[in-house]
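**Student:** Below are the C-alpha coordinates for one structure; questions will follow.
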Amino acid sequence: MNKADNTIGVASDHGGFHLKLKITEFLKEDNYQVVDYGTNNGDSVDYPDYAYKVVMGILNNEIGRGIIMCGTGIGISITANRFPGIRAALCWDEYSAKMSKEHNNANILAFGGRTTDFETATKIVSAWLNTQFESGRHLRRIEKIDDLAINFWSKYLKNKEGV
(Lines of atoms letter the chains of each structure in order from A and count residues from 1; the text may use other names and numbers.)
(Lines give C-alpha, C1' and ligand atoms only; values in the text may rest on other atoms or scores of the structure.)
Protein backbone atom coordinates (compact mmCIF):
# COMPACT_ATOMS: atom_id res chain seq x y z
CA MET A 1 0.00 0.00 0.00
CA ASN A 2 1.39 3.35 -1.07
CA LYS A 3 1.74 5.99 1.64
CA ALA A 4 -0.28 8.36 -0.54
CA ASP A 5 -3.26 5.95 -0.55
CA ASN A 6 -4.52 7.32 2.77
CA THR A 7 -3.85 10.91 1.71
CA ILE A 8 -6.63 12.88 0.09
CA GLY A 9 -6.10 16.13 -1.74
CA VAL A 10 -8.87 18.71 -1.56
CA ALA A 11 -9.33 21.82 -3.65
CA SER A 12 -12.01 24.25 -4.67
CA ASP A 13 -12.63 27.57 -6.24
CA HIS A 14 -14.58 30.27 -4.43
CA GLY A 15 -17.89 28.49 -5.15
CA GLY A 16 -16.82 25.45 -3.16
CA PHE A 17 -14.59 27.10 -0.58
CA HIS A 18 -16.88 26.95 2.45
CA LEU A 19 -17.93 23.35 1.81
CA LYS A 20 -14.27 22.40 1.24
CA LEU A 21 -13.40 23.64 4.73
CA LYS A 22 -16.14 21.48 6.26
CA ILE A 23 -15.22 18.41 4.18
CA THR A 24 -11.57 18.81 5.17
CA GLU A 25 -12.52 18.68 8.85
CA PHE A 26 -14.83 15.72 8.20
CA LEU A 27 -11.95 13.81 6.58
CA LYS A 28 -9.51 14.65 9.37
CA GLU A 29 -12.01 13.46 11.98
CA ASP A 30 -12.09 10.15 10.08
CA ASN A 31 -8.25 9.96 10.33
CA TYR A 32 -7.44 10.75 6.72
CA GLN A 33 -4.36 12.76 5.89
CA VAL A 34 -5.50 15.81 3.93
CA VAL A 35 -3.53 18.04 1.59
CA ASP A 36 -5.38 21.30 0.96
CA TYR A 37 -4.48 22.69 -2.46
CA GLY A 38 -6.61 25.82 -2.00
CA THR A 39 -8.25 28.14 -2.55
CA ASN A 40 -7.73 29.64 0.87
CA ASN A 41 -10.52 32.23 0.91
CA GLY A 42 -13.77 33.11 -0.82
CA ASP A 43 -12.27 35.50 -3.37
CA SER A 44 -13.05 34.76 -7.00
CA VAL A 45 -10.52 32.39 -8.60
CA ASP A 46 -10.40 30.09 -11.62
CA TYR A 47 -11.35 26.46 -10.95
CA PRO A 48 -8.98 24.97 -13.58
CA ASP A 49 -5.99 26.06 -11.49
CA TYR A 50 -7.25 24.10 -8.48
CA ALA A 51 -8.34 21.01 -10.40
CA TYR A 52 -4.85 20.90 -11.92
CA LYS A 53 -3.18 20.94 -8.49
CA VAL A 54 -5.13 17.86 -7.37
CA VAL A 55 -4.54 16.11 -10.70
CA MET A 56 -0.80 16.66 -10.41
CA GLY A 57 -0.84 15.51 -6.79
CA ILE A 58 -2.29 12.19 -7.95
CA LEU A 59 -0.07 11.82 -11.00
CA ASN A 60 3.03 12.59 -8.89
CA ASN A 61 1.94 10.10 -6.18
CA GLU A 62 1.72 12.79 -3.52
CA ILE A 63 -1.91 11.87 -2.82
CA GLY A 64 -3.96 8.78 -3.52
CA ARG A 65 -7.28 10.47 -4.23
CA GLY A 66 -8.81 13.89 -4.57
CA ILE A 67 -11.99 15.75 -3.76
CA ILE A 68 -12.70 18.89 -5.77
CA MET A 69 -15.49 21.45 -5.70
CA CYS A 70 -16.63 24.48 -7.62
CA GLY A 71 -20.08 26.04 -7.67
CA THR A 72 -21.71 23.08 -9.44
CA GLY A 73 -18.82 20.63 -9.69
CA ILE A 74 -19.17 20.64 -13.47
CA GLY A 75 -16.31 22.88 -14.55
CA ILE A 76 -13.79 21.50 -12.09
CA SER A 77 -14.60 17.89 -13.04
CA ILE A 78 -14.36 18.66 -16.76
CA THR A 79 -10.92 20.14 -16.15
CA ALA A 80 -9.68 17.17 -14.13
CA ASN A 81 -10.88 14.70 -16.75
CA ARG A 82 -8.62 16.23 -19.41
CA PHE A 83 -5.68 14.21 -18.07
CA PRO A 84 -4.98 10.52 -18.81
CA GLY A 85 -5.11 8.42 -15.66
CA ILE A 86 -7.60 10.73 -14.00
CA ARG A 87 -11.17 9.62 -13.51
CA ALA A 88 -13.07 12.46 -11.89
CA ALA A 89 -16.69 11.72 -11.07
CA LEU A 90 -19.27 14.42 -10.49
CA CYS A 91 -21.54 12.84 -7.89
CA TRP A 92 -24.82 14.06 -6.46
CA ASP A 93 -25.85 11.22 -4.14
CA GLU A 94 -24.54 8.09 -2.42
CA TYR A 95 -25.44 5.81 -5.33
CA SER A 96 -23.55 7.84 -7.92
CA ALA A 97 -20.53 7.98 -5.58
CA LYS A 98 -20.63 4.23 -4.97
CA MET A 99 -20.88 3.43 -8.69
CA SER A 100 -18.13 5.92 -9.56
CA LYS A 101 -15.76 3.88 -7.42
CA GLU A 102 -17.13 0.36 -7.94
CA HIS A 103 -17.35 0.51 -11.74
CA ASN A 104 -15.08 3.40 -12.76
CA ASN A 105 -12.45 3.44 -9.99
CA ALA A 106 -12.83 7.22 -9.79
CA ASN A 107 -9.73 8.72 -8.22
CA ILE A 108 -11.27 12.17 -7.92
CA LEU A 109 -14.68 12.98 -6.47
CA ALA A 110 -16.35 16.22 -7.52
CA PHE A 111 -19.48 17.98 -6.34
CA GLY A 112 -20.91 21.46 -6.19
CA GLY A 113 -20.42 23.78 -3.27
CA ARG A 114 -23.58 25.65 -4.23
CA THR A 115 -25.63 22.57 -5.11
CA THR A 116 -24.67 20.12 -2.35
CA ASP A 117 -25.41 20.64 1.33
CA PHE A 118 -22.94 19.43 3.96
CA GLU A 119 -25.01 16.44 5.09
CA THR A 120 -25.37 15.17 1.53
CA ALA A 121 -21.69 15.86 0.83
CA THR A 122 -20.59 13.75 3.81
CA LYS A 123 -22.79 10.87 2.63
CA ILE A 124 -21.31 11.15 -0.87
CA VAL A 125 -17.74 11.24 0.47
CA SER A 126 -18.32 8.30 2.83
CA ALA A 127 -19.91 6.17 0.10
CA TRP A 128 -17.02 6.93 -2.25
CA LEU A 129 -14.30 6.25 0.30
CA ASN A 130 -15.88 3.03 1.56
CA THR A 131 -16.49 1.42 -1.83
CA GLN A 132 -13.96 -0.88 -3.46
CA PHE A 133 -13.27 -1.10 -7.19
CA GLU A 134 -14.82 -4.24 -8.70
CA SER A 135 -12.13 -4.68 -11.40
CA GLY A 136 -12.84 -7.38 -14.04
CA ARG A 137 -14.72 -5.97 -17.02
CA HIS A 138 -14.60 -2.52 -15.43
CA LEU A 139 -10.79 -2.50 -15.45
CA ARG A 140 -10.81 -3.28 -19.17
CA ARG A 141 -13.12 -0.32 -19.75
CA ILE A 142 -11.11 2.22 -17.81
CA GLU A 143 -7.92 1.03 -19.51
CA LYS A 144 -9.66 1.74 -22.83
CA ILE A 145 -10.41 5.27 -21.68
CA ASP A 146 -6.71 5.93 -21.04
CA ASP A 147 -5.65 4.20 -24.27
CA LEU A 148 -8.09 6.29 -26.31
CA ALA A 149 -6.84 9.51 -24.73
CA ILE A 150 -3.17 8.64 -25.17
CA ASN A 151 -3.68 7.57 -28.79
CA PHE A 152 -5.65 10.72 -29.57
CA TRP A 153 -3.11 13.08 -28.05
CA SER A 154 -0.10 11.35 -29.61
CA LYS A 155 -1.68 11.57 -33.09
CA TYR A 156 -2.99 15.10 -32.53
CA LEU A 157 0.36 16.42 -31.33
CA LYS A 158 2.21 14.67 -34.16
CA ASN A 159 -0.14 16.29 -36.71
CA LYS A 160 0.29 19.71 -35.04
CA GLU A 161 4.08 19.46 -35.43
CA GLY A 162 3.69 18.98 -39.19
CA VAL A 163 1.55 22.11 -39.60
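Using N, Cα and C of the backbone, Cβ positions are placed for all residues, glycine too.
When I checked TrEMBL for this same protein, it listed these features:
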BINDING   ASP13, HIS14, GLY71, THR72, GLY73, ILE74, GLY75, ASN104, ARG114, ARG137, ARG141  D-ribulose 5-phosphate binding site
ACT_SITE  CYS70  active site, proton acceptor
ACT_SITE  HIS103  active site, proton donor
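Can you walk me through where each of these features ends up in the structure?
**Tutor:** Sequence-distant neighbours of GLY71 (D-ribulose 5-phosphate binding site): residues of the same chain at least 6 apart with a C-beta under 8 Å from its C-beta are ASP13, GLY15, GLY16, GLY112, GLY113, ARG114, THR115.
For CYS70 (active site, proton acceptor), the count of additional Cβ atoms within 10 Å of its Cβ stands at 30 [all protein chains shown]. Under the DSSP three-state reduction, CYS70 (active site, proton acceptor) is assigned to strand.
Classification of HIS103 (active site, proton donor) by DSSP places it in coil, neither helical nor stranded. Counted within 10 Å of its Cβ, the other Cβ atoms near HIS103 (active site, proton donor) come to 17, all protein chains included.
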**Student:** Are there any residues in the same chain, six or more apart in sequence, whose C-beta is under 8 angstroms from the C-beta of GLY75 (D-ribulose 5-phosphate binding site), and if so which?
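**Tutor:** Within the chain, GLY75 (D-ribulose 5-phosphate binding site) has Cβ neighbours under 8 Å at TYR47, PRO48.
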**Student:** Looking only at ASP13, HIS14, GLY71, THR72, GLY73, ILE74, GLY75, ASN104, ARG114, ARG137, ARG141, the residues listed as binding D-ribulose 5-phosphate, what is the longest Cα to Cα distance in Å?
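**Tutor:** Pairwise Cα check on ASP13, HIS14, GLY71, THR72, GLY73, ILE74, GLY75, ASN104, ARG114, ARG137, ARG141 gives a maximum of 38 Å.
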